[in-house]
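Novice: Starting off with a structure, shown below.
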Amino acid sequence: MTKEMPVIYIISDALGETAEYVSRAAAAQFSGIRTKIRKVPYVQDEIHIDEILEEAAKEQAIIAYTLVVKKLRNYLEKKAQDYELRTVDILGPLIKMLADQTGLLPSYTPNVTHILDEQYFRKVDAIEFAVKYDDGKDPRGVLLADVVLIGVSRTSKTPLSMYLAHKGIKAANIPLVPEVSPPQELFRVPSQKVIGLTLKPDLLNQIRTERLRTLGLGSSADYANYERIVEELEYARGIMRKVGCPIIDATGKAIEETASRILEILYKGERNV
């Protein structure tokens, strides 16, 4: 038995945070003993393992590792035995149990949690962006967006912006109203980043009438007037032609379907919709 300061080497194909957390939690169970932890992240090959174990052997360190690639795990175990080093495989046993329980094969993809974290934060950023630059609140968002949605009121610009945000796409949207000139920023972005949205006037009339009813207002307001709607749609189409952007008629389409068409345009560069 010895009270010498134990040394734990953390070896990981990612950041090594999982193994470090477990190691510190275990070390905390021993009061009065300080544990030295050396973390080596992004280990991808056998040569790197050789170098680490050679150093670890000088301190008779404990090896705690999270390596998802089975070949590297097996190699590390064999080399550690050669150096008479004790090892703890933090991920391997649980991966095997899950595979046995589900009958599925694991992907053995290193650093996958980091990839998922990046996707999550990209989505959060996109949602915050969509809220900040909704309904033309700040035209500067037009220049920062991955896609800019334009159209008259009630053509689903906001719900589409939020749907795209959940896909990690930063979407700004600009309402087109005959009495209000669109921001100059709209004409400064590449036309392929702008999507025009339109609806058949009959459907738009129904949607706006229902909106007024929900708000407790009469349907005789200009907002739901058929002639006014036709005027707005013609004005909007003129702006879209000036921008040179693709136009999607969302009549009869679910949000998911329209969003899918937007993504196709963005990624395939389609012009005619």
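Note that Cβ sites are derived from N, Cα and C of the backbone, with glycine treated the same way.
As listed in Swiss-Prot for this protein:
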type	residues	note
BINDING	G151, V152, S153, R154, T155, S156, K157, T158	ADP binding site
Novice: Any idea what DSSP makes of G151 (ADP binding site), helix, strand or coil?
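Specialist: In three-state terms, G151 (ADP binding site) counts as strand.
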Novice: If you draw a 10 Å sphere around the Cβ of V152 (ADP binding site), how many other Cβ atoms fall inside it, taking every protein chain shown into account?
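Specialist: Its Cβ has 23 other Cβ atoms within 10 Å.
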Novice: Considering the binding-site residues T155, S156, T158, which residue's Cβ sits among the greatest number of other Cβ atoms within 10 Å?
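Specialist: Of the binding-site residues T155, S156, T158, the most buried by Cβ count within 10 Å is T155.
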Novice: Quick check: which same-chain residues outside G151, V152, S153, R154, T155, S156, K157, T158 lie with their CB within 8 A of the centre of the ADP site CB atoms?
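Specialist: Surrounding the site, in chain order, are N173, P175, L197.
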Novice: With Cβ-Cβ distance below 8 Å and at least 6 positions apart along the chain, what are the contacts of R154 (ADP binding site)? List them in sequence order.
Specialist: L199, L204, I207, R208, R211
Novice: Three-state secondary structure of T158 (ADP binding site) from DSSP?
Specialist: helix
Novice: CB neighbours of G151 (ADP binding site) within 10 A?
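Specialist: Excluding its own Cβ, the number within 10 Å is 28.
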